[in-house]
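The domain 'Major facilitator superfamily (MFS) profile' annotation in TrEMBL covers 51-466. The transmembrane segment annotation in TrEMBL covers 89-107, 119-138, 144-166, 178-200, 212-234, 284-308, 320-341, 348-368, 374-395, 407-428, 440-461.
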Amino acid sequence: MIDQRNPSHSDIDMFKEDNQQIERADTEDHVPNTYDANFEKRILRKVDLRLLPILGCLYTIALVDRSNVAVARISGMDDDLGLAEGNRVSIVLMVFFIGYIIFEIPSNAFIHKLGAANWLAFLAFAWGLVSLGIGFLNNWAGLAVLRAFLGVLEAGFFPGCVYLVSSWYKRYEVQKRMAGFFLTASALSAFANILAYGLIQISKHHHYKGWRWIFIIEGAITVVAGIGSWFIIVDFPDSDKNTFLTIEERAFVKARLAEDRGPEEREKVTVKVLARTAADWKPWAFSLMYMAGAVGVYAFLFFLPIILRGGLGYSIELSFILSTPPSLFAVVEAMAISWLADKTRMRGPFVIFQGVIGIIGLCMTGFLDTPTPRYIGTFLGVAGANGLVVTTLAWQANNIVGDARRAVSTAILISMSGVGGIYSSMVFRQQDAPNYIPGLIAVMAINVAAVVVAALTMLLLRYHNRQADEGNQLCEGREVHDANCSSKIRHLKCDERKPICSRCEKDKRTCDGYIPESECKYKPRTPALQRKQNEAALQRPAAASKILVPAGLSPETFGSSIELDLCHHFRTCTIPELASSLNAMSFWHTYALPLSHDSVPIKAAVGALGGAHKAFKLQTQTDPFTQSLAKSYEIASVHQYSNAIRVMHEYMNSPDKSFQVILTCCLIFICTESLYGRYTNVTRHLESAFSLLNTCERWNDVGTQYHGEVGHRRKGDDLSKFMDNIGPSLCGLTSDLFFYMGDNHSPKLVSELQQWLARQDPITLQEPGAPFFSAQAAASFLSHVGTTFGIEMNTGCLMCLGQGYPCGKTGLVCRRFDNGLESESFYRYWSARYNAFKQSFDPLKASEPEIFRFKVLELEEITWHATFKLASIDEDLEPADCIEILKRAESIIDFSQRETGHIFTFQANLVPPIAYVIISCQDETIQWEGVRLLRRLGRREGVWDSRKMADIYASMITAKTRKLVSWEQIPDDVPRLTELLGSVRLDTPVEDNE
């Protein structure tokens, strides 16, 4: 079944064979952290009540202020200002949309800088003043000027509202919210005609004409509403100004949005973003559909009272009253369609449906003879136009990726509505009054064009999805095209809209999200195409967690739906978090994924890690079904892990074994086991990995070959580059384990690590301020760390003095191996990394992520200093040092939660020091404080093991033991990898992994 939390062309997120209940899972309500569905619904209600009513009220006022010209005209405005002559009416209506079009895109750039509340409230206040001023005009030219200003000020409001609403909800929660505030505004603005009729009665008691009181009173209401809205409108989800939610609730909202769309950073609207969005065909296709709806909305908004008065022959009073019911019907119809569209996860067919309804209504209004059927036609026409606007907005929001691009696309979309306003102003000419038949025909024509474009858009999106599924192209980022939720005739996918696939049920086969290969209507990828994709993946540069993951994990690569499910989760969820937390983007994206296409051991290891990660995330839920589901994934993970070790045994005895494959499997095994609690097997895998490095005879010559003549590819270059990527991960895991394990350190691991570091070829670090991404770069500093950096140690260490080692404050590292402090290599690695970064660090010039990274390194250094105060590693940390470490850790967590707009990729580095305090302290109060910080950190995106660690340590504290919880035992018949790797030698040459 497709994971509907992040629907895409290949998002398989559940398997069937081990748990048939999955077919009945409602993944739409899945919560991306430790809270249940009721908690999520409560938070959404709070957001709904705070966000939607105020936006709906302000947009109601905006519609009234821009359209009250229609009711003013039949109340004496035409005679007083001379609008009946020539094309003056068309000009007055048209100039509003000139500024409306020009200033919409710049307005969505301002909302970033000023904040949603400041900007939207200012716009409402300003256009209220302009509207109020219209009531005192005496000529049509002044009316045209003020309406032009009104267009400039109202230009930013609706795109700002759409952008704000789409930023708070998941993609398939957007349409009903968008429909809520838009259609509520449409319904309330319909009652404005009745209000206007009441206001014109004031003229019976005052010398001002009734139309003037419409503008004066409604303008004053707008000014007051603009001032009041400043106190109510909320900001974007990543802002700390949203005090109506607690810190915990804000983190929850951001986490569920990141799960739905990926952890997007707030982007700035730049010229590059504008150009990239303008070059995409999708915003323009959506713009035409939206413009067709806007043309109908403005046509009925400006001219319905006149059609009712002159064309259908109703009195002024009835014209005011009868213009309200069509808008109310439009609200009911569009809300029903929006609910159905979100429920079925379809967009395109409903756009076509709304366009057809509008065309039918326009035909009835224009060409029938009797008033009643023509009036009924206005119901369909108004409903189709409003529904087309709402559904197109949601379709666009679901298919544009990136914060800035979505803002620009929304502004383009609504700018085209201004073109629609000009279009309707020009085609409804004064000489065609009161029936406006040519104008109605023109509106029908644009609706026909919208229906055709919607159909073509569905076909194109379905084509691109099919190409991505066949491996011929990558979808743009995490972009989700509509064909995956709008087409019932896709050949590749099952019918994902129902818990039980109706098509699979009809064919009497198991629904696993894919049609069996024998029934597929496309051919599997050719080996040449697969090689081309692998080469492209290897050449792709590593950059944070924004790297596009190769789309090669497909049914052709993995043999069963279980393997496909587990490995797909690894690709889409586990990899971004691992790359971030271990600071090893190049390794995971450049080696682990491409090697998994061809290497049987890595396929199985990847499945084991994906299953373990999936089970871990599901275990944070409390409902019985999810817990059962988590257990099923854990069983599948253990099965894959056992199989991975079996095939690894066979692989290592084969003549074509590869050095890279074996080490890659080692690292994946380490990460798999660490999800179930840090315990000794993880250390044994690290021992084996470094032992393998030390037994690789070819490594002795790699340094010379690596620095050979530029432009010539030498034997060993691949191995050298591989080590540059895997080295930081292994060293980082080794240092982490020292903190995690406390006194469960491994002397053999220390020895193997020291041997490996000693064999590296030291190189000069070209950029002193950069962190270490290479073990070789770290090694060059490790050889000089004793004389380069001043490190305050214990004064007068008798052991050091007895062995001739300087100590105290002399600046050299204290070496006390006989006392059990066997972690010098770990400390040297971190000390060199910290001091290299510190030398060029300027807090006044540093970015927020750089400041965060420096704070994390400071915390690690403080933890090491606390350790070196001990006479032996078996001793406990001083309570004062523990408190200082936890205080520093909490200040860093506060910093990451307070600052907005950044994804801090080193958050997982906070876990080891906190865990070390819990293990190395006797004070239960301090231990529970550490558990609290782990749980708090676990609510942040990208720190996927701290919640599990918190539960493990809580159990340890409650049981008053220091023994960590270990994973389920591997079956006895499975060969132990650690027994094999320790003595293996690669007798065959190292082959290039092309």
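Here the Cβ of each residue, glycine as well, is placed from N, Cα and C on the backbone.
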Best-contacting stretch, by C-beta pairs under 8 Å, relative to the transmembrane segment (320-341) and drawn from 89-107, 348-368, 374-395, 407-428, 440-461
374-395
Contact call for the transmembrane segment (407-428) and the transmembrane segment (144-166): at least 3 Cβ pairs under 8 Å, seq gap 6+
yes
Could you check if the transmembrane segment (374-395) is in contact with the transmembrane segment (89-107), meaning 3+ Cβ pairs under 8 Å among residue pairs at least 6 apart in sequence?
no
Result, the transmembrane segment (348-368) in contact with the transmembrane segment (144-166) (3+ CB pairs under 8 Å)
no
Check for me, if you would, whether the transmembrane segment (284-308) reaches the transmembrane segment (440-461) - at least 3 Cβ pairs under 8 Å, residues 6 or more apart in sequence.
yes
Across the domain 'Major facilitator superfamily (MFS) profile' (51-466), what does the pLDDT come to on average, as a whole number?
81
